[in-house]
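What TrEMBL records for 79, 80, 118, 244, 248 is divalent metal cation binding site. The region 'Disordered' feature in TrEMBL is assigned to 295-320.
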Ligand SMILES: [Zn+2]
């Protein structure tokens, strides 16, 4: 009777070391593809430490550091840098230093993928377009070093069915995570939208490229009075201004799924989480409720003194 072969033990998934996870992250978002002014890569962390849980978030703020502690994560990956312009102190008395102290005391590493994730394939704007259910046609600003023509800033997209700017904005408000800001529109709300440019984060530097693309609308964040005024005077372009955080949060889910896939391929014992904490800094929004009536404005005699705490904007009870 032949010997009964002993069963081959299935490999037990083991926690990767931080250096292995960071190598995977750098393969997804090569740091050399970041803009020159950017500060991407690893902020803190021991390369030899094991990593079981990873938390993805947009902003490296104290709330996120504390969420990682509660979760038992050993690595946070954020889109925004902690120190964009360098620093000479990480003292816990500074708010960024406090983040660093919280992380190091709890053996949590921090890694940043910023403009290298913006221009990646898939990148931040692919995630934004995906969240809005748009068909992607190509990058808004192609990366000349990509022979496939897929990398670059922003994405040009089309809708499955044309919609009015108002209805499309309602879709944006519905599909992106809720924030105090919500969504603002510039342009004719009844104009028909067939093609859209999207760019996660601050996008008003891309107006020339958006105009050149000939799209009907542009979805981005942080739009300001003068660029918007000029853009809408220049052409019938519809603008949709969402919260900066909300336009970049979909990347966290996309990035987490990418790392999950890498982890499965390696057989790592690694759990990947996405923070749902809203870190957009705007905390409340009060829509105007009274139509503008010049005769109703107060005269200088009625105006509060500079030391007074009462003002037209404080009537809601919100702190100034
Ligand atoms: Zn951003």
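Just so you know, glycine gets a Cβ as well, placed from its N, Cα and C.
According to its DSSP assignment, residue 80 (divalent metal cation binding site) is coil. The Cβ neighbour count for residue 248 (divalent metal cation binding site), using a 10 Å radius over every protein chain in view, is 26.
Residue 79 (divalent metal cation binding site) counts 26 other C-beta atoms within 10 Å of its own C-beta, drawing on all protein chains shown.
The DSSP secondary structure for residue 244 (divalent metal cation binding site) is helix. The divalent metal cation site is set by 79, 80, 118, 244, 248; from the centre of their CB atoms, other residues of the chain with a CB within 8 Å are 58, 114, 117, 124, 200, 201, 245, 247, 251. Non-local neighbourhood of residue 244 (divalent metal cation binding site): 201, 202, 221, 222, 280, each in the same chain, at least six residues away, with C-beta under 8 Å from its C-beta. If you count neighbouring Cβ atoms within 10 Å for each of the binding-site residues 80, 118, the highest count belongs to 118.
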